[in-house]
Amino acid sequence: MAAPSNAEQTQLQDMEEEEAGMEEREMESDEEEGMGVENSEDEEDDSSEDEKENEAEIQRLEEQLSINAFDYNCHVDLIKLLKQEGELFRLRKARQKMSELFPLTEEIWLDWLKDEIRLTEEDSNREKVYELFERAVKDYICPDIWLEYAQYSIGGMGSPGGIDKVRSIFERAVTAVGLHMTKGQTLWEAYREFENAVLSTVQPPPGRIPSREEQELLSAQLERIHTLFRRQLAVPLMDMETTYAEYEEWSENGVPETVVHLYRKALQQKEKCKSYEETLLVAEPPKLAEYQAHIDFELKEGDPARVQITFERALAENCLVPDMWTKYTTYLDRQLKIKDLVLSTHERAVRNCPWTMSLWKGYLQALERHGADHQSVSDVFEKALNAGFIQATDYVEIWQANLDYLRRRVDFSKESSKELEELRAAFSRSLDYLKQDVEERFGESGDPSCAIMQIWARIEAHHCKNMQKARELWDNIMTKGNAKYANMWLEYYNLERAYGDMTHCRKALHRAVQCTSDYPEHVCEVLLTFERVEGTLEDWDTAVQKTETRLNRINEQRAKAAEKETNLARHEEEKMEQRRKAKAEKKAQKKAQKTSRGGEKRKAEQDDYQGDWTEESAPKRQRGNGDNNPDEYMETETGLFGRNAPPGNKPGPGGARNAQQGAAVTALRQNDDRRELRDDSCSVFISNLAYTLEDPEAKLKSLFESCGPIRRVQLITGNRGISRGYGYVQFESAASVPEALKLDRKEVEGRPMFVSPCVDKNKNPEFKVFKYNTSMEKHKIFISGLPFSCTKEQLAEICKPHGSIRDVRLVTFRSGKPKGLAYVEFADETQASQAVLKLDGIDVEGNKISVAISNPPRRNLTDKPGSSRPTGDIMPRQVYGSRGRGRTQLSLLPRSLHRQPAPPGKVENGTAAERAPPPPTGSTAANAAGEPRSLSNSDFAKMLLNK
């Protein structure tokens with residue numbers, strides 16, 4: 001067999017290498033497939049776990065809503081989860097339930113509408129989407145929803161009547177939101193684009209002469225576009241200059257003079273409103289104050305359409321503000337009076353703020369005013385009863401509004417009618433409802449004076465001529481705790497006087513005299529006046545006897561009560577006196593203890609002095625410092641410790657002079673800290689600084705140098721030179737003080753630094769350092785239960801959606817550690833009230849916070865004028881010995897060796913005391929006289945002979 005050639009060998013090698021490569025690639029692909037299978041399995045496991053968790057959360061939310069269907073946030077969370085999971089049918093059901101209970105926001109409506117549009121692409125289901133759009137535009141007037149509605153309708157323009165339907169929707173849209181200054185232009189442009197598209201379908205092909213019918217259609221379509229331009233240019237809108245230029249270019253015959261006139265007028269109106277619109281653009285939600293200013297401007301201008309669109313814009317961002325709804329509905333009731341607009345607005349108001357009784361009351365009156373049927377009014381009233389008002393008196397007022405409506409329906413000329421029976425049944429039901437439902441919930445009926453029963457009694461007496469029923473009702477009123485009030489008896493007396501007879505009038509007044517306890521004299525006077533006009537002598541005598549007896553009894557009761565009050569007051573005064581005495585004794589004991597400790601400390605100091613200054617050691621120390629200058633050491637000691645030489649020391653020549661110099665230095669140092677050398681008008685007091693603050697003077701200079709030129713920084717230190725945490729900063733000018741006070745509570749190394757005016761409280765005892773208000777502040781909220789890790793920035797972000805924030809203050813201890821409390825100041829009371837409603841009870845980092853209007857308790861002012869704390873001038877500090885304050889203050893020196901210190905003498909610059917030297921003997925007397933003399937041998941001999 002012939003051997004293969006070189007070419008064949010090369011070919012075989014290539015084939016073998018190719019096969020080997022293919023095997024390797026197959027093995028790699030198998031490995032990759034195996035890896036891919038494993039990864040996909042892991043992803044499937046993760047996704048299945050997420051699905052299980054989401055399903056569990058969905059079930060939890062559905063159970064919570066079954067318990068409380070009015071949990072708004074729970075509805076929102078459920079909708080988000082269902083959309084994430086793609087549960088379309090459950091999502092539609094959840095949205096439907098929420099829309100039945102609450103008006104939905106623009107974002108929720110747009111998401112719902114877009115989902116439904118994707119699901120119903122066939123023309124047969126377009127009507128369902130149209131119905132959904134109709135519901136959406138009723139909640140709030142939103143330009144984006146109207147634009148979406150119009151664009152969706154364009155998709156059906158090919159169907160029969162489709163173009164007319166699109167035009168109808170566009171006309172409704174520009175009527176509703178075409179005056180929106182910032183977003184209305186988009187809707188107008190979309191309308192014109194639609195008409196231009198229709199124009200392109202009407203125009204004949206180029207080169208063909210249109211028929212008469214085509215010319216009419218073309219002319220009509222061009223007129224529509226001209227009309228749209230003219231209407232838009234008459235409305236003040238942003239960037240309307242561009243629209244005018246576009247119209248000039250589009251119109252073949254130019255812009256008519258009438259359109260130019262309307263355009264210029266709209267430009268002037270736009271300039272008036274421009275500042276308000278610019279303010280709204282830069283303001284933060286909810287922009288309540290900015291909208292209020294804009295509404296006030298439009299009300300003065302008096303254009304109803306612009307007033308309406310401004311109210312609608314404000315309510316779209318402040319839908320939970322009852323005052324805004326009240327103002328809007330009142331304007332519609334009194335100015336526009338358009339039935340459909342008024343009733344739809346009232347309905348939206350009570351859906352947004354169902355807890356506000358005044359909105360329900362206004363809704364009932366609007367229904368009656370515009371002639372709504374009785375069943376509609378009754379249905380609204382029943383909804384109001386289930387709205388959940390926050391006060392018992394709200395239920396009384398809503399019942400009164402319904403009873404007034406029912407009374408106006410009755411024709412009292414007929415003896416009996418269905419409406420009259422319905423009115424009486426409503427009165428009975430109202431009393432039962434207040435007694436059972438309202439008292440069970442609030443602990444009171446809300447009608448302590450029985451106003452509803454009084455109205456019922458008057459209707460029975462005046463309209464029905466049924467005094468028997470009226471008297472029964474008044475007997476019931478008196479049994480409910482009202483018999484002691486004179487005004488209630490006089491109301492009943494006036495009713496009997498107007499519709500009853502004299503016999504019942506007299507009985508009512510006699511009962512009033514016996515039962516009244518608040519103003520018995522007035523009731524007695526009314527009875528006597530009645531008998532003067534109507535009664536006989538016998539009636540007069542009876543009235544006088546009863547009134548005198550009653551007044552005597554009342555006077556006795558008042559005397560006993562006064563005596564009892566006097567005894568109680570005396571008893572309280574005695575208690576207060578005992579407390580004052582006990583407090584004074586306790587203070588005296590503490591003062592005595594401090595005095596005894598001071599005496600023991602002075603004894604200990606004398607021991608120290610005697611140990612350090614003896615007749616033997618003093619000369620040695622002087623010699624140790626040099627014989628040529630024996631006074632050098634004494635001056636150093638005096639300057640170092642700031643005191644005179646202790647008793648028993650024999651100073652060398654000039655020692656007394658040096659001791660006086662040391663005392664003067666000490667007095668100068670003390671004087672340097674005195675208030676007289678500091679200008680309080682240019683100074684601020686700094687406190688609560690950390691004792692461990694490094695280089696505090698430099699630190700304070702760096703903090704306050706931005707406030708103005710600093711003359712000096714004076715930090716108060718203890719006897720060992722350690723900072724006491726407070727001091728003074730004195731500026732060159734008093735103008736720097738207000739800027740320095742702004743740094744109050746600035747954090748310095750983890751502690752809030754307190755900055756307050758420098759005021760002498762002895763001269764101005766009524767000065768208050770506490771700068772915060774201690775009364776109710778309706779524009780400020782108080783938050784408790786915050787986590788300690790919460791910062792001002794985090795709290796500001798939480799409160800930001802509910803109003804314009806002026807200030808956030810976290811309450812801390814003096815050490816800088818948070819207390820979990822905070823104050824947040826809003827621009828006005830309405831924003832603060834809204835924040836309380838929305839924030840109270842929410843969770844912040846796992847903590848449930850409580851939010852209320854700021855109403856701090858009154859501060860106990862213990863430092864009253866004239867009773868300030870003792871100052872350093874009255875109670876001087878204790879002077880410790882050379883070894884500082886020892887652990888024990890007991891003196892170990894025998895009492896017989898104690899020397900009584902002489903009374904302090906005054907020096908030129910202060911009250912520094914000098915200890916009196918011991919009686920002069922020998923050379924000591926000479927030294928004291930200022931005539932130093934060295935002892936000779938003869939002097940020593942005389943001393944020995946004397947002994």
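Every residue, even glycine, has its Cβ placed from backbone N, Cα and C.
Annotations in TrEMBL come from automatic prediction, not curation.
Features reported for this protein in TrEMBL:
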REGION    1-57  region 'Disordered'
COMPBIAS  1-13  compositional bias 'Polar residues'
REGION    555-677  region 'Disordered'
COMPBIAS  555-579  compositional bias 'Basic and acidic residues'
COMPBIAS  580-594  compositional bias 'Basic residues'
COMPBIAS  597-606  compositional bias 'Basic and acidic residues'
DOMAIN    682-760  domain 'RRM'
DOMAIN    779-856  domain 'RRM'
REGION    853-947  region 'Disordered'
Residues in the compositional bias 'Basic residues' (580-594) grouped by DSSP into helix, strand and remaining coil: 15 helix, 0 strand, 0 coil
Model confidence over the domain 'RRM' (682-760) (mean pLDDT, whole number): 86
The domain 'RRM' (682-760) - residue tally per DSSP class, helix then strand then coil: 19 helix, 32 strand, 28 coil
DSSP residue counts for the compositional bias 'Basic and acidic residues' (555-579), split into helix, strand and coil: 25 helix, 0 strand, 0 coil
